[in-house]
Amino acid sequence: MEKTADPTVSAARYARRRALPRRLPVLTTLCGLLLLAGCAGDAPSALNPGGAGATRVAGLWWLLFWISVAVFAEVMALLVWALVFRRGNARVRHGQPLRFVTIAGAGLPFVILVAVYGVGLRDLAALGDGPGPDAPTVEVTGHKWWWEVRYQGASGATANEIHIPVGERVKVRLRTDDVLHSFWVPQLMPKTDLIAGETRETWLRAERAGSYRGQCAEYCGTQHAHMAFLVVAQPRTDFDAWLARLDAPAREPRTDAERRGQQAFVQGTCAACHAVRGTGAAGRVGPDLSNVGSRWSLGAGAVPNDAGHLGGWIANTQTVKPGNAMPPQPVDAAQLPDLIAYLRSLE
Amino acid sequence: MSTTTTPPPGVSEQDLARLAEHWGERPSLRGWFSTVDHKKIGRRYLVTAGFFFVLAGLSALVMRTQLARPEAGVVSPQEYNQLFSMHGTAMIFLFATPMLFGFGNFLVPLMIGARDMAFPRLNAFGYWVFLFAGLFMWASLPFGAAPNNGWFAYVPLSGEQHNPGLHMDVYALGLLFLGISTTAASINFIVTALKLRAPGMSLNRVPLFVWAIVATAFMVIFALPALNVDNAMLFLDRRFGTHFFDPSGGGNVLLWQHLFWIFGHPDVYIIVMPALGIVSAVLPAFTRRGVVGYPLIVLSIVSIAIISFGVWVHHMFATGLPQLSYSFFSAASTIITIPSGIQIFAWLATMLLGRLVLRVPLLYVIGFVVTFVLGGFTGAMFALTAFDQQVTDSYFVVAHFHYVLIGGAVFPMLAGIYYWLPKITGRMYHERLGRWAFWLVFAGMHVTFFPMHLYGLFGMPRRVYTYRSEPGWDGWNLVSTVGSYLLAVGLLLVLVGVVHALRRGRPAPPDPWEGDSLEWATASPPEPYNFPVLPRVHSLHPAWDERTAESVRAGATADRILSDGRRTLVTSELDAHPERAVQMPESTLMPLVLAGALLVFFTSMLFAWYPVAAVAALAVAATIAVWLWPSRRPDEELGVSG
């Protein structure tokens with residue numbers, strides 16, 4: 001407990017408190033290191049861009065980052081100066097350095113902000129500079145909680161996976177079937193919201209082949225966490241081949257198990273909600289499953305796409321992704337392996 | 001606990017006894033419920049807001065525990081969504097604003113040398129409504145019926161079709177109910193600060209904290225109607241099938257967002273501005289000099305209040321509005337950082353010229369500068385549309401606004417708690433305990449929220465109850481969770497410190513810090529009548545001004561003691577020239593009764609008991625009629641001296 005109410009404390013205690021100014025620079029250095037260390041890793045990082053839009057924004061970020069570091073250093077220097085030299089016996093000065101406050105607090109920031117605003121405006125214009133009318137167009141519809149993907153000029157559909165040709169600007173037309181969602185591929189393009197009752201447009205351009213993770217960024221309810229997708233950038237010929245397969249009927253079953261699985265699928269409850277091209281199943285409520293075997297995940301990024309997870313998913317999706325629209329299925333144990341075999345064969 | 005006041009020269013024992021009789025309440029249960037004393041109401045605001053802060057903080061700890069590792073099952077998605085919604089809603093509406101209004105309630109009359117707020121009964125009413133509305137909302141959580149759509153409640157997800165049940169009805173009705181309290185308090189602050197200032201406290205001598213509170217009150221009055229209209233429309237859409245937000249019926253989903261952010265962005269400043277006022281109030285005592293650039297800071301407060309109404313679209317940069325509107329709102333959002341910059345440099349200049357006394361309140365001010373400046377940088381980044389589109393709705397934005405709100409509001413509040421604790425309770429706090437708490441809070445805050453910048457940039461969206469491990473977000477999330485526990489321990493130590501002060505704290509003298517404003521010129525805690533002699537102000541720092549002390553000694557004439565009733569002085573708006581003495585209302589149960597009737601009304605609306613709601617509405621009207629029935633003595637014109 002304090003002994004006196006007098007806020008001036010003894011010289012010895014002041015000396016001990018000198019530790020503070022030495023601690024502050026350590027703290028800031030640490031923060032900087034954390035930031036740099038973070039650039040590595042396998043995250044779908046906006047700082048590791050793979051496409052034109054995200055590259056622009058990453059450039060803007062580094063500009064802003066270094067300006068912030070410089071200004072922060074200035075503020076910290078003033079603070080440390082005050083802590084080191086303005087304690088103990090420091091004589092209080094009663095001036096009103098209005099010029100200092102105006103220049104450091106308003107003048108300099110104004111100049112910096114106007115310049116940065118100019119750069120920001122240029123980058124905004126660049127992001128708005130979409131592809132021409134002949135560009136390939138993919139139509140993406142947001143659902144609670146998955147992405148329906150269709151291509152203009154193609155009849156087939158897929159889900160949670162968007163294929164694009166490398167090095168080309170692809171137009172993305174965004175709609176939502178229910179609530180708001182937001183389309184975000186950090187390594188390729190900033191967000192565009194999907195607005196109920198309206199259509200929005202954005203575009204993607206990947207500079208190198210590969211897979212880029214995207215995710216819904218606007219809170220959309222119970223399973224907002226599991227509404228991821230993948231953008232697969234591939235050479236033009238591979239893309240064309242992929243797109244051609246999207247129009248063709250799904251692969252026919254080859255084994256007896258697959259055939260039994262197909263029969264169970266088409267005649268059972270599955271077909272009420274799901275479609276498989278070239279069969280009687282034409283449901284539009286859930287994702288089109290014509291190429292489900294080749295997809296990177298189940299449940300829009302909820303679990304890996306392998307036989308075990310698929311079985312669990314069919315039996316009861318609610319344990320995997322609680323709240324999604326697919327009720328637990330009354331599949332009998334004998335049918336389940338056949339269904340798994342059939343769905344795994346759809347590539 | 002109150003220190004006995006020895007009468008100042010010129011004031012007789014009888015004067016003091018009469019003042020105590022007019023202003024005090026009987027220490028009974030009825031007295032407790034009927035008090036209209038601004039100091040008690042201020043304390044209640046602080047304690048109640050602190051209680052809601054603990055609840056919202058515990059929600060956050062559960063969330064951080066769930067997010068400590070990928071695919072954890074601590075809570076279900078439905079529970080998590082209610083937790084983050086209640087966390088945000090409560091922190092903004094039930095903690096930040098009421099806490100600062102609590103400071104305002106306790107301090108504004110003391111700082112301007114008045115005996116109470118302008119409308120003491122309205123003040124008590126505001127508190128009861130705040131308490132009831134807060135309980136109304138929190139009560140839904142144990143039943144699993146709490147708001148589950150974020151504090152922003154975007155349609156269509158918050159509409160009846162996608163969100164059946166009571167969740168969003170609780171939200172809409174709760175905020176409408178609470179809005180009554182916030183509006184009442186704001187009107188009261190404005191009138192109090194304009195009409196009840198001590199003689200001589202012209203506008204250029206008003207303490208910066210009071211300026212901040214008044215500007216905030218104006219912002220509330222202009223911003224809150226947008227939120228109220230939004231919630232009224234949401235409730236009508238949900239309950240009565242209107243189509244304000246339903247595109248299939250000709251409505252528009254973006255209408256919700258526009259109205260919400262027309263309120264929501266000024267609200268950020270509604271929270272931060274009084275906190276900045278606390279910084280300006282705390283600094284003089286610990287730098288031994290007045291804050292540099294008083295006129296610049298006032299200018300900055302007023303310009304923030306105005307510009308904050310022109311920036312709401314920067315919350316909607318990803319909705320696909322036309323680029324031209326983006327560039328306008330981007331410019332406004334960029335430029336609003338400048339007034340804050342002016343204040344930061346004014347405080348730095350104050351510290352560079354003064355003599356620093358490094359007690360706990362100053363530690364928090366320094367922690368505030370470091371943290372708020374970092375939050376300011378990311379704020380300026382968000383003003384640039386292209387960058388905003390990349391990081392909005394990611395954890396980067398979570399990092400940003402926690403830097404602004406914890407750094408910019410909670411740190412100043414903590415500075416204020418330690419600074420004014422002796423005045424509020426009459427007890428000194430424990431310095432070493434306070435320091436431990438500070439370092440834990442400071443470190444915990446940065447360990448929790450700094451990594452969020454990183455995993456936000458690495459693509460982790462916010463408002464997710466879980467995540468997969470492949471994207472590589474798990475390590476940083478664990479760091480955040482550890483930090484949140486540090487922060488919680490620090491805040492717990494703050495609470496321990498307050499309890500310790502109340503139980504064991506050394507009795508505080510009237511002015512332990514040599515503060516510069518008028519609250520230090522009276523007892524700790526102040527007597528119910530605040531000042532035996534209403535002071536006369538001669539400068540910006542009245543408590544440092546020998547002439548003010550002199551005026552209390554020499555000028556103790558009847559027109560400044562006003563001991564013949566529950567009375568205070570009314571002065572002119574600009575120059576604070578004495579106009580008349582007004583009779584202030586007595587303690588009454590009416591505020592509690594009216595707030596109770598409103599609680600019945602909103603509860604019966606929630607459960608769709610419309611006949612009960614109709615009866616409650618009638619009761620509300622009847623209570624107001626009884627309350628406002630003319631019964632006051634006419635005011636007395638004063639031939640005031642000097």
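Cβ coordinates are placed from backbone N, Cα and C, and glycine is handled just like the others.
Taken from TrEMBL, the feature domain 'Cytochrome oxidase subunit I profile' applies to B:26-538. If you look up TrEMBL, you'll see B:45-63, B:124-145, B:170-194, B:206-227, B:268-286, B:293-314, B:326-350, B:362-387, B:399-421, B:433-458, B:478-502, B:613-629 (among others) marked as transmembrane segment.
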What else in the chain is close to the transmembrane segment (B:206-227), if you only count residues 6 or more beyond its ends and a Cβ gap under 8 Å?
100, 104, 107-108, 111-112, 175, 179, 182-183, 185-187, 189-190, 193-194, 197, 259-260, 262-264, 266-267, 269-270, 273-274, 276-278, 280-281, 291, 294, 297-298, 301-302, 304-305, 308-309, 517, 540
I need to check the long-range neighbours of the transmembrane segment (B:124-145): which residues 6 or more away from its ends have a CB within less than 8 Å of a CB in the stretch?
35-36, 41, 44-45, 48, 52, 55, 78-79, 82, 86, 89-90, 94, 98, 165-167, 170-171, 173-175, 177-178, 180-182, 184-185, 188, 590-592, 594-596, 598-599, 602-603
Grab the same-chain neighbours of the transmembrane segment (B:613-629) for me: Cβ-Cβ under 8 Å, and only residues 6 or more beyond its ends, written as numbers and ranges.
121, 588, 590, 593-594, 597-598, 600-601, 604-605
Can you give me the average pLDDT across the domain 'Cytochrome oxidase subunit I profile' (B:26-538), rounded to a whole number?
96
